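One structure below.
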Amino acid sequence: MRICFLLLAFLVAETFANELTRCCAGGTRHFKNSNTCSSIKSEGTSMTCQRAASICCLRSLLDNACDSGTDIAKEEESCPSNINILGGGLKKECCDCCLLAKDLLNRNEPCVAPVGFSAGCLRSFNKCCNGDIEITHASEIITGRPLNDPHVLHLGDRCASSHCEHLCHDRGGEKVECSCRSGFDLAPDGMACVDRNECLTRQSPCTQSEDCVNTIGGYICQRRISRLVPHRHRANRIGNAPRRMRDDPYSRAGEYREASQANTEFGCPMGWLFQHGHCVDVDECNLGSHDCGPLYQCRNTQGSYRCDAKKCGDGELQNPMTGECTSITCPNGYYPKNGMCNDIDECVTGHNCGAGEECVNTPGSFRCQQKGNLCAHGYEVNGATGFCEDVNECQQGVCGSMECINLPGTYKCKCGPGYEFNDAKKRCEDVDECIKFAGHVCDLSAECINTIGSFECKCKPGFQLASDGRRCEDVNECTTGIAACEQKCVNIPGSYQCICDRGFALGPDGTKCEDIDECSIWAGSGNDLCMGGCINTKGSYLCQCPPGYKIQPDGRTCVDVDECAMGECAGSDKVCVNTLGSFKCHSIDCPTNYIHDSLNKNQIADGYSCIKVCSTEDTECLGNHTREVLYQFRAVPSLKTIISPIEVSRIVTHMGVPFSVDYNLDYVGQRHFRIVQERNIGIVQLVKPISGPTVETIKVNIHTKSRTGVILAFNEAIIEISVSKYPF
């Protein structure tokens, strides 16, 4: 029975990854600016951010030391020996690796690095091997530009063309950085990712009652079944991501279950799993919990498994790293056997030598020579002298139309551009520049296509071939008319991007611009664009104000129009009162036995005063203790909330010591207002939210008292308050 596991992997939050990237970039930038990694100014205050900045700063320091060592090796023939300074060891290592590459080039040896070089050493070795050669269509070796030339590699393409197996990070430096997903470690070459064996590297990832089984990218904690099956669920894990065993009745979270009474004394041996009252075989091959290498095939057995060596057919070759079998194509004169190309002995299988000749087998071919000739290949006996003399094969026309060069015991044909001489087959063969000089023939933004005697470079979409036939130049779609952007076009390497003017957003087709309705977006957000009304326009918006208001220079604020200042009320018997959004003309109307204080003795703003005048015979008038009636007119906006009291009116009584004044609010309603007293001043305040349009009238009784508390005078203040429809 096969046991399947559901693997659940939790991804690290993108915001946290972006935070670490920002912190790392800060450390890199610190080294570039200061050339040190002390007193790093981190992008964040957390210990995690500071640690990331320190790591990336030291990485930049070591990369700089390696590059410095490479530069020294290009100019000098010896490397610095001071390895006790920070980065000194890596500087000398990269210098030695570059000198090794130069030695191989000087001896015309293949520039191939051995296994075991560090990532920095390998980069220096390859730079000194490949950075100074460039192959043209004619296969001539000339001096060219290195691969990190900004004209060859566009920054935007570097991750797309990198050899990172998992993740690539382009931080804008000289090179990109590779990293691996959770459960993998970066290989020494700095690009490949290898599985991390958590069962060996982590400290007790599983409990004592569980076996740790390594898997690709994670591990599994596999429970051992003891006498008592009940077991609190423990999640199987890949890295830190929990997963649950399917069809396992004892793997459900928070459950306890017991085996039947008939099986409570039953225990399963290693390689078996207790399930549904029985011990069932664990298929280690299907679970991937076996340790067979890539050169072996896992075969499940009852309670265990075995590893059988993989075998390939006679015409196949086994990859020593992956174990895969690939077909072998042998050249003429060879046949495949046991994964190798073996020479065909034409002298046995058949040849065309004459009667006076004998057949001599050669690698991949054969030759006919005079019988009894004891000379080596390429030589023949001189009948007169009895000595072996070189055979001038060029006189036999062996090279055809090509130039022939006779050599002791052999010959060589001088091949044309794009060809090379195969000494075993004695013929000129086409050079596949795309394979032999991979990465150095065409731009990284191009595909290399081999042709007979040459090669061609085919650029990727968005690029065009330069005049040298090898480099790819970016096509500016914005200026050539390829781009169909409605408003603005921005060229990027290999493509383009449409952008819109302010007030527009890019549509779904990526070319057309759609108007943004700013009024709808901001409506009801508490941060409206306009104080009054908002009207959307193409690419913008327009603010309007209600009647009685005017727009301010900022284009969004509304202020009240003071109609009274414009002389709207005419006549001395009227008082013009400006309200929010309007105005009122109040006729001066005093009660009986009161006359208008035309001299405005009490200096009432937005109102008037009426003074009592009685004849000596009018006892009723004389009995009225109210000496003065004040009329005030005020305006307030509609307010949904009030954080602190708002002053509406201020009444001043000009009475000094030893007299005192009391202010009392005579007001019936929802109690939106109150009056507070500061010495001889009464202040009317709005204390509760109020909505308009409406008019509120309140009365304030003013009593003047003597030092002994006797009321000496009565006065009244009648305040009419206009509440606006708007909150401004």
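Glycine residues also receive a Cβ, built from the backbone N, Cα and C atoms like all the rest.
What Swiss-Prot says about this one:
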type     : residues      : note
DISULFID : Cys23-Cys49   : disulfide bond
DISULFID : Cys97-Cys121  : disulfide bond
DISULFID : Cys111-Cys129 : disulfide bond
DISULFID : Cys353-Cys368 : disulfide bond
DISULFID : Cys375-Cys388 : disulfide bond
DISULFID : Cys415-Cys428 : disulfide bond
DISULFID : Cys434-Cys448 : disulfide bond
DISULFID : Cys459-Cys472 : disulfide bond
DISULFID : Cys478-Cys489 : disulfide bond
DISULFID : Cys545-Cys558 : disulfide bond
DISULFID : Cys564-Cys576 : disulfide bond
DISULFID : Cys569-Cys585 : disulfide bond
DOMAIN   : 65-96         : domain 'Anaphylatoxin-like 2'
DOMAIN   : 97-129        : domain 'Anaphylatoxin-like 3'
DOMAIN   : 195-280       : domain 'EGF-like 2'
DOMAIN   : 390-429       : domain 'EGF-like 5'
DOMAIN   : 474-514       : domain 'EGF-like 7'
DOMAIN   : 560-610       : domain 'EGF-like 9'
CARBOHYD : Asn624        : N-linked glycosylation site
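Counting only same-chain residues six or more apart in sequence, the Cβ atoms lying under 8 angstroms from the Cβ of Cys545 (disulfide bond) belong to Met531, Gly532, Gly533, Ile551, Cys558. Fewest other C-beta atoms within 10 Å: among the disulfide-bonded residues Cys121, Cys129, Cys415, Cys459, Cys569, that description fits Cys569. Just so you know, the Cβ of Cys353 (disulfide bond) picks up 16 other Cβ atoms within 10 Å once every protein chain is counted. Put simply, of the disulfide-bonded residues Cys375, Cys388, Cys448, Cys489, the one whose Cα is nearest the Cα of Cys49 (disulfide bond) is Cys489.
Across the fold, the C-alpha of Cys353 (disulfide bond) and the C-alpha of Cys375 (disulfide bond) stand 18 Å from each other. According to its DSSP assignment, Cys478 (disulfide bond) is helical. Sequence-distant neighbours of Cys576 (disulfide bond) (same chain, six or more apart, CB under 8 Å from its CB) are Glu563, Cys564, Glu568, Cys569, Phe583, Lys584, Cys585, His586, listed in sequence order. Cα of Cys459 (disulfide bond) to Cα of Cys375 (disulfide bond): a span of 55 Å. On the 0 to 100 pLDDT scale, the domain 'Anaphylatoxin-like 3' (97-129) averages 80 in the predicted structure. Within 10 Å of the Cβ of Cys49 (disulfide bond) there are 19 other Cβ atoms, across all protein chains. Around the Cβ of the residue listed as 'N-linked glycosylation site', the same chain contributes Asn593, Lys612, Cys614, each under 8 angstroms and 6 or more positions distant in sequence. Take the CB of Cys388 (disulfide bond) and look out to 10 A: across all protein chains shown you find 16 other CB atoms. With DSSP classes pooled into helix, strand and coil, the tally for the domain 'EGF-like 9' (560-610) is 3 helix, 20 strand, 28 coil.
Here the domain 'Anaphylatoxin-like 2' (65-96) has, by DSSP, the following mix of helix, strand and coil residues: 20 helix, 0 strand, 12 coil.
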